[in-house]
Amino acid sequence: MTGIEYDDFLDLDYEPTGTDLVCEFSIAPASDMSMEAAASRVASESANGTWAALHVDEAELTDLSAVACDIRENAGPGGNVTVAYPTDLFEDGSMAQILSCIAGNIMGMKAVDSIRLEDCKWPETLVEGFPGPQFGTAVAHEKLDAGDRPVLATVPKPKVGLSTDAHVDIAEQAWRGGVDLLKDDENLTDQYFNPFEDRVERSLSVARELTEETGEKKDYLVNITAETDEMVRRAEFVADQGGGFIMVDVVTAGWSAVQTVRDVAEKHDLAIHAHRAMHAAFDRMDHHGVSMRTLAQVARLCGVDHIHTGTAGLGKLENEDTPGINAWLKSDLYGTTDVLPVASGGLHPGVIDALIDALGTDIAIQAGGGIHGHPDGTEAGARALRQSVEASMQGVPLRDHADAGNPELAAALDKWGAETPR
Ligand code: 3PG
């Protein structure tokens with residue numbers, strides 16, 4: 001018999017092996033607990049331990065203990081803890097099971113006042129269990145004609161309530177004005193005022209017309225978010241209608257559903273656009289939850305091709321480490337395809353130069369209000385966005401480009417300047 005106690009999960013001399021999943025947590029221990037005591041409890045509860053000392057027949061036990069192997073105390077309460085998990089703890093290819101370990105019960109333990117999963121270093125053996133994205137940044141030329149510029153997308157506003165006629169009309173104007181992709185908003189799915197099948201059929205038919213008219217591929221990020229079987233049915237419908245993309249609200253739909261959709265997407269050659277609605281419930285507080293960096297890692301493993309990662313503080317959403325997350329999405333991960341990061345939320349033509357400075361051109365830029373709120377309407381708004389991208393890529397100040405025969409950009413700059421909306 002062997003005893004298993006919390007102390008068994010702390011070993012500050014342990015060096016993680018190449019097959020361990022290594023997680024970085026920031027932890028504020030409960031007021032009556034040391035960092036060591038809290039760290040060992042986190043390693044225990046997220047792997048194979050519990051609050052009571054256990055007496056187990058070693059012959060009947062596979063040892064799957066995690067190890068809290070590094071503690072860095074901060075000036076304030078708490079600090080950072082590294083926990084190494086043996087890969088055998090995890091079921092191959094099950095993101096739900098992995099998250100139930102590394103971001104499960106530990107999030108609510110009394111032993112910590114707060115705990116945040118900041119980052120993961122994924123071993124090759126775990127990564128190989130997941131498909132990863134099919135297209136990633138290559139969608140810009142494999143499915144679209146964006147070339148070296150950012151992929152441009154727009155979501156009709158108001159986000160829900162428009163009739164299908166109005167939705168399709170806005171789509172037509174936006175494509176004609178120069179965006180590549182129409183996008184549904186996160187809460188537009190299949191409601192009576194704008195039913196899914198009618199919207200998809202008509203929008204994709206207009207996309208084909210505009211592809212012909214403009215000579216640039218136009219496509220549609222169709223929000224298929226629903227119960228999983230229904231998502232599969234909707235993805236198949238999009239493929240039948242000739243669409244090249246589907247969109248999933250990945251956090252609200254859940255990672256297992258995303259994994260199912262990823263398989264279907266491959267059968268039909270569909271790229272997956274991940275909207276992250278609800279992510280901030282996990283990542284907004286800098287001392288508790290799961291970081292956006294980790295959510296983005298999870299999304300890449302599950303196989304999304306695009307994911308929203310913020311606007312480097314230039315839009316309407318809380319500032320976050322957009323450059324760092326984007327760099328991870330494009331980093332080498334044992335040959336896994338990269339992900340195209342999407343900047344979205346409060347963007348308009350007047351901030352595109354700063355956005356491209358911060359994030360580069362290998363991104364998608366989505367603007368809803370920043371196109372449809374243009375004083376001369378959607379088509380002019382889309383032109384203004386495209387003109388702003390051109391100027392930014394040529395290193396020409398936006399106002400100079402506006403004055404050089406680009407009245408749509410001039411009108412957008414007159415209206416919004418370089419403001420960052422709230
Ligand atoms: C999104 O899907 O990210 C938002 O609906 C963006 O809308 P906005 O460009 O009007 O802020």
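Keep in mind that glycine also has a Cβ here, set from the backbone N, Cα and C atoms.
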Since TrEMBL lists Lys159, His308, Ser344, Gly345, Gly346, Gln366, Ala367, Gly368, Gly369 for substrate, which candidate among Arg176, Arg276, Arg284, Arg399 does it give for that site as well?
Arg276
Distance from Lys316 (site 'Transition state stabilizer') back to Gly368 (substrate binding site), taken between C-alpha atoms, in Å:
12
When DSSP states are folded down to helix, strand and coil, where does Gly345 (substrate binding site) land?
coil
Rounded to the nearest Å, what's the C-alpha distance separating Gly345 (substrate binding site) and Lys183 (Mg(2+) binding site)? Just drop the number here, would you?
13
I'd like the number of other C-beta atoms within 10 A of the C-beta of Asp185 (Mg(2+) binding site), please.
18
Within the same chain, and leaving aside Lys183, Asp185, Glu186, name every residue whose CB is within 8 angstroms of the centroid of the CB atoms belonging to the recorded Mg(2+) site, in sequence order.
Val155, Lys159, Asp184, Asn187, Leu188, Leu221, Asn223, Met247, His275, Gly368
